[in-house]
Amino acid sequence: MHFIQTDNLDIKAIQTILDKANFYQKNTPPKTLQDKIIITAFFENSTRTLSSFEIAAKNLGAKVIRLDISKSSTLKGETMADTAANLNAMNPHAIIIRHKNAGAGEHLARYVDCPIINGGDGAHAHPTQALLDLLTISNHFKGDIKGKRVGIVGDIKNSRVANSNIELLSRFGLDITLIAPPHFLPKTHFKTTQDLKGSIKNLDIIISLRTQTERHNYQIYGSLQDYAKQFCITKNILQDHNVIVLHPGPVHHNIDLDDEVLKDPRCKVLEQVSNGVLIRMAVIEHCIFN
Ligand code: NCD
C-alpha cells in the first residue's frame with residue numbers, strides 16, 4: 001500500500017505500527033526485507049528523514065538505493081512521470097519520496113507498481129513524522145493519551161508536520177490548540193490563540209515548529225527575533241509545568257526553542273529522532289506487505 005498521508009491508515013493499523021516500533025526498540029529486528037530493494041528519492045533537503053528511512057530499511061536487511069538528485073536527469077528536464085516510470089522499471093519494492101511540491105507522492109504513485117512512502121511533500125503532509133510524534137507522546141504517557149492537551153506552536157500554516165499531526169492526534173482523541181501569530185495560522189475549526197505564556201498551564205504537550213522561510217514568497221513577519229519574543233519556548237515559559245516539548249527539527253536555536261530547553265529532560269527532540277527509525281521500520285514493512 002502507498003502511505004501518502006496519515007489518514008491512509010486506520011486506527012487499528014496505526015496501533016499495530018506503534019506496537020511493532022516498540023517491539024523493535026527492545027528486540028533485534030529480523031531481516032524481513034532481505035531480498036527487497038528500496039529507492040530513496042529526496043528532491044528536497046533532509047538530514048534526519050533521509051538517514052532515518054535508510055537506516056530503518058537497512059536494519060531490516062533491505063538494499064537501499066539512493067537516487068542522487070544532483071546527478072539525476074531531473075536537472076536535464078526529465079518529468080516526474082518519466083523518472084517514476086524509469087525507477088519502476090528497475091522493480092523496486094518501495095520508493096520513498098520527498099519533494100517541495102504538495103501532491104508529488106500521489107502523482108508518482110500513478111506510475112509505479114510498488115508502494116510510495118511520502119517523506120514530506122511541500123506544505124501538505126509528513127505522515128511518518130506524525131507517527132513518530134504519536135509514538136513519543138504515547139510512550140511518555142504510557143498509552144494514556146486520550147484527552148491530553150497539545151499546543152502546536154509556530155508556522156502552522158506552512159508546516160506539513162502540523163498538518164499531519166493535526167489529523168493524526170485529533171483522531172487519537174488529543175485536544176489540539178494552535179498557538180501562533182495570525183499570519184502563521186491556517187483557516188481552522190481548532191482552537192487558536194496567540195497567548196503562549198497564558199496557555200502553558202493548560203497543556204500536556206508542546207509541538208514547536210520551525211518557521212518555514214523557504215515557503216514564504218516574501219517576509220510576512222517583522223523578524224524572527226520579534227517572533228521569538230512571543231513564541232520561543234523558554235525556561236521562563238515552561239517554569240515547572242508538567243509538559244513535554246517536541247520539535248521535528250531542524251531547530252532554529254533560540255527562535256523556536258531556547259538552548260536551555262533543549263537540555264531540559266522535558267524536551268523529547270532526540271527521543272523523537274530515535275523513535276523515527278523504529279516507526280519507519282514498521283511503516284516500510286507495513287507498506288510492502290499490505
Ligand atoms: C520537517 C520537514 O522537513 O518537514 N523536518 C523533518 O522532517 N524532521 C520540519 C521542518 O523542516 O521544519
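Cβ atoms are placed via backbone N, Cα and C, with glycine included.
No curator has checked TrEMBL annotations; they are predicted automatically.
Owing to the predicted nature of the structure, the values given are computational and were not obtained by experimental measurement.
With a 10 A radius on its CB, Gln129 (carbamoyl phosphate binding site) counts 27 other CB atoms from all the protein chains. Under the heading carbamoyl phosphate binding site, TrEMBL lists Arg48, Thr49, Arg98, His126, Gln129, Gly249, Pro250.
Annotation comment: TrEMBL describes Lys76, Arg160, Arg210 as L-aspartate binding site. In the shown protein chains, 23 other C-beta atoms lie within 10 A of the C-beta of Arg160 (L-aspartate binding site).
The domain 'Aspartate/ornithine carbamoyltransferase carbamoyl-P binding' feature in TrEMBL is assigned to 2-138.
Sequence annotations record features per position, and here TrEMBL assigns domain 'Aspartate/ornithine carbamoyltransferase Asp/Orn-binding' to 146-286.
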Candidates Arg48, Arg98, Gln129, Gly249, Pro250 (binding-site residues) passing the 10 Å Cα cutoff around Arg210 (L-aspartate binding site) are Gly249, Pro250
The domain 'Aspartate/ornithine carbamoyltransferase Asp/Orn-binding' (146-286), counted residue by residue under DSSP: helix, strand, coil: 62 helix, 24 strand, 55 coil
Checking the spread of the L-aspartate site as listed (Lys76, Arg160, Arg210): what is the longest Cα-Cα distance, in whole Å? 32
For the binding-site residues listed here (Gly249, Pro250), which one has the lowest count of neighbouring CB atoms within 10 Å of its own CB? Pro250
Cα distance (Å, whole number) from Arg160 (L-aspartate binding site) to Gly249 (carbamoyl phosphate binding site): 13
Please check each of the binding-site residues Lys76, Arg98, Gly249 and report the ones with a CB atom less than 6 Å from an atom of ligand 1, ordered along the sequence. Gly249
